[in-house]
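Taken from Swiss-Prot as is:
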- Asp264: active site (ACT_SITE)
- Asn195, Leu196, Ser197, Glu198: ATP binding site (BINDING)
- Lys179: N6-acetyllysine (MOD_RES)
- 1-318: region 'Ribokinase' (REGION)
- 344-477: region 'Cytidylyltransferase' (REGION)
Amino acid sequence: MKVTLPEFERAGVMVVGDVMLDRYWYGPTSRISPEAPVPVVKVNTIEERPGGAANVAMNIASLGANARLVGLTGIDDAARALSKSLADVNVKCDFVSVPTHPTITKLRVLSRNQQLIRLDFEEGFEGVDPQPLHERINQALSSIGALVLSDYAKGALASVQQMIQLARKAGVPVLIDPKGTDFERYRGATLLTPNLSEFEAVVGKCKTEEEIVERGMKLIADYELSALLVTRSEQGMSLLQPGKAPLHMPTQAQEVYDVTGAGDTVIGVLAATLAAGNSLEEACFFANAAAGVVVGKLGTSTVSPIELENAVRGRADTGFGVMTEEELKLAVAAARKRGEKVVMTNGVFDILHAGHVSYLANARKLGDRLIVAVNSDASTKRLKGDSRPVNPLEQRMIVLGALEAVDWVVSFEEDTPQRLIAGILPDLLVKGGDYKPEEIAGSKEVWANGGEVLVLNFEDGCSTTNIIKKIQQDKKG
């Protein structure tokens, strides 16, 4: 099935809600403090990530949509760190600074993959004048296609009813990720997206899908909602709308590593898709696919257009398609648990031709999964000259990922993939051409790990260089 992604670049979305900064301090611990019976952590790594409503905005921006973020912060280093991090990923911030309050910050101390303690720096924003938030919403309504209200019960949405009315009066759909059991405050929203536990906290325990539908439809009527999307973890999602049959979508997640931030991804993709002009049903389809991707990543994550495109055509939803190196390592580990043989090859693959396709198909037949490592643009230029590559890296990877024979596509910056191969250690390393096995980059590492190295022949008469020469000759003629 050919599925076209929404035109995210024309979508404008405003996110209003509780913004926060997630700080992580990592380090080893090998002794107990003499001052108290607690471990001593020698901090060697510090990470800062936007959280709460800020993570929703990041998810929208990662799709290529225009994301604006409004929230309450203090006047402190955390607010500055948030603004910088978000600007780096093309989120336009318009924070309301509150000098009497700190920016909400959650500091986690971790050692050996264990969280030892979390320290929260926050004061409720409930008493803060909401008028500056309303003004920012009003100013943006003419240029956005959706408004997301991200509620973490920290006070930024104390006037949520007024915000809903402002948007609905302007004809802008309002999507809300709810918090708590008082859904009365969300009356009149276009769409609520509670997870199953949040939903059941309001309507009671549901033993069957029929009960979810019955109680969900009553909730829609009681609070004058246009729709309700219940996210149900491994059971997928259920979209309920008045006058329409329930739409139940099974989960697309093959491997679940971390559900952190999955709800932010869902509402972000929903909003961006609606703002691009797609229907609510289509938005749920893309959001479900995106959720299947993001839960396969570690930590709070976003989904790129390439990942989403792979997911909706049935590849990335099972951990396949264009990947980062870290994602590939996780996918390979999962494949090995399933007893699958992993084959790996590499090349520039600038202008894909019949020789490439035949070679990759033959390589795939030698195992259960095929990895194709692709030279970056800079690497290609160093190897092939200033006129190459003809096609940029992203396009080369998309084309390769579309081949049925190819399971995973990853890029590398170096002249050879030796470091990458040493990190992956495939069961079989394959290279096309006139090489001797010992001349192939990564062969020593693969052999040392008990793997195999094999040289395959390319199809005669097929060459990217020859194709380029013919094009140049035709232009001259």
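Glycine residues also receive a Cβ, built from the backbone N, Cα and C atoms like all the rest.
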For ATP, what surrounds Asn195, Leu196, Ser197, Glu198 with a Cβ no more than 8 Å from their Cβ centroid? Pro194, Phe199, Glu200, Ala201, Val230, Thr231, Arg232
Neighbouring CB atoms within 10 angstroms of the CB of Asn195 (ATP binding site), all protein chains considered, total 20
Helix, strand, coil: count each for the residues of the region 'Cytidylyltransferase' (344-477), based on DSSP. 57 helix, 26 strand, 51 coil
If you measure between the CA atoms of Glu198 (ATP binding site) and the residue listed as 'active site' and round to the nearest Å, you get 15
Between Asp264 (active site) and Leu196 (ATP binding site): CA-CA distance (Å): 15
Tell me the coarse DSSP state (helix, strand, coil) of Leu196 (ATP binding site). helix
Neighbouring CB atoms within 10 angstroms of the CB of Lys179 (N6-acetyllysine), all protein chains considered, total 18
For the recorded positions listed (Glu198, Asp264), most other Cβ atoms within 10 Å of the Cβ sits at Asp264
Validating a neighbour-count step here. Other CB atoms within 10 A of the CB of Leu196 (ATP binding site): how many? 16
Taking the Cβ of Ser197 (ATP binding site) as centre, how many other Cβ atoms lie within 10 Å? 10
Quick note, Asn195 (ATP binding site) and Lys179 (N6-acetyllysine): C-alpha atoms separated, nearest Å, by 10
Measuring Cα to Cα, how many Å separate the residue listed as 'active site' from the residue listed as 'N6-acetyllysine'? 13
